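**Student:** Below you'll find the structure I mean.
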Amino acid sequence: MKGIRVVGGLLRALVAQLLVLNIGLAQAEDYLPSPGVAAQSWLLMDPESGEVLAQGNADARVDPASLVKIMTSYVLGQALQGGTVDGNDRVTIDTDASAAGNAQLQGSSLMFLKPGDRVTIDDLNKGIVIQSGNDACIAVADYLAGSEQAFVDAMNEQARQLGMLNTQFKTVHGLAAEGQYSSARDMALLSRALIEQLPAEYALYKEKAFSFNQVVQHNRNRLLWSTSLAVDGLKTGNSAAGGYSLVTSAVLDGRRLIAVVLGAESDRLRFQESEKLLKWGFRAFETVTPIKADEVFVSKRVWFGDTHNVKLNAGAHPAISVPYGQAADVSVSAILDSPELHAPLQAGQVVGVVNFQIGSRHIAEKTLVVMEAVDEGGWFCRAWDFLLLKLYQWLGVCLFCNGEGGL
């Protein structure tokens, strides 16, 4: 049994979060009217910039139903990518992972596992993602974590690390459970993380069908068959409490969007509204990078270091979303958190913000980070900088500062 080892590894692993501050375009609908969406809550995200292009009641807590399986897939995908489990591992199916022995599963979406079957992790993964198999979710949870509850604990820990503030998982499959909820914003955050961090896992979401034991089942995400959108994921969900829900992602000319529609009144509406939202986003916005991730944006004077200047940029994800056709109008400025920078400084350390504007309108904000570490200088360098800094504070003039490296 791999339970303790796998779950322990998952809980120790810090999810690489590249979420950045987004003030302006996080409320893009304030200056660019968004389409009306017939659903309880909804959201459209540009995952490259991390910005929310439009939203409605996006933090409302609703029953996620089978959307829970996106997190089940995410946790499994991490285990596969990290090597703590292998896709060729065979799992012996217990009675709790079969409708024959678990009454809760009867009448729900299934992979149709039978007690005693020996099924590979890869096939169970496809059963979760493509067939929405509740039985496959239980089989994976038992194998990886030793029990459903231990796996649910791992799911909730990942939700916490991803910043999913309005999510609580109670099951591994999404069947009705008191106290289980999520939100449109949280589902977008989870989907973004899965797409960016686990490309092999996400590749399963575009598969239109999967056959197990000579039974072919088709993916329930009908937008995969769309002729007007290049949809390649993610998942449907449906329950009496939560209505009809859908999380989708599509790519146009290399640009990706994620749409979340929760609580639509019908199966038809969830697909119709998701398609409308994605098409609007591709028409209304474009993703631009006024600052390149690997280029110096600005150099600033650093005091008491082994060098006098430090290179700064906007971090690993400098992209922003702007109204279509306005990219050339974007202006950028840097603001330090404190009047002076003092060594030592670590690579990646946040020292301020980068502001993006169109005219007088603030549209986005990113973190200003150190590109290369600066160590503390020797005693003479520190003493000299102490004198220069005092002169600067007295005279208001930075002696021996060049134009670019000025304070």
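Note that Cβ sites are derived from N, Cα and C of the backbone, with glycine treated the same way.
Where the annotation comes from TrEMBL, it is an automatic prediction and has not been curated.
Here's the feature list from TrEMBL:
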ACT_SITE  SER66  active site, acyl-ester intermediate
ACT_SITE  LYS69  active site, proton acceptor
ACT_SITE  SER132  active site
BINDING   LYS235  substrate binding site
DOMAIN    285-376  domain 'Peptidase S11 D-Ala-D-Ala carboxypeptidase A C-terminal'
**Student:** Report the mean pLDDT of the predicted model across the domain 'Peptidase S11 D-Ala-D-Ala carboxypeptidase A C-terminal' (285-376), rounded to a whole number.
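**Tutor:** Value for the domain 'Peptidase S11 D-Ala-D-Ala carboxypeptidase A C-terminal' (285-376), mean pLDDT as a whole number: 91.
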**Student:** Please list, for the domain 'Peptidase S11 D-Ala-D-Ala carboxypeptidase A C-terminal' (285-376), how many residues fall into helix, strand and coil according to DSSP.
**Tutor:** 3 helix, 51 strand, 38 coil
**Student:** What kind of secondary structure is the residue listed as 'active site, proton acceptor' part of, going by DSSP in three states?
**Tutor:** helix
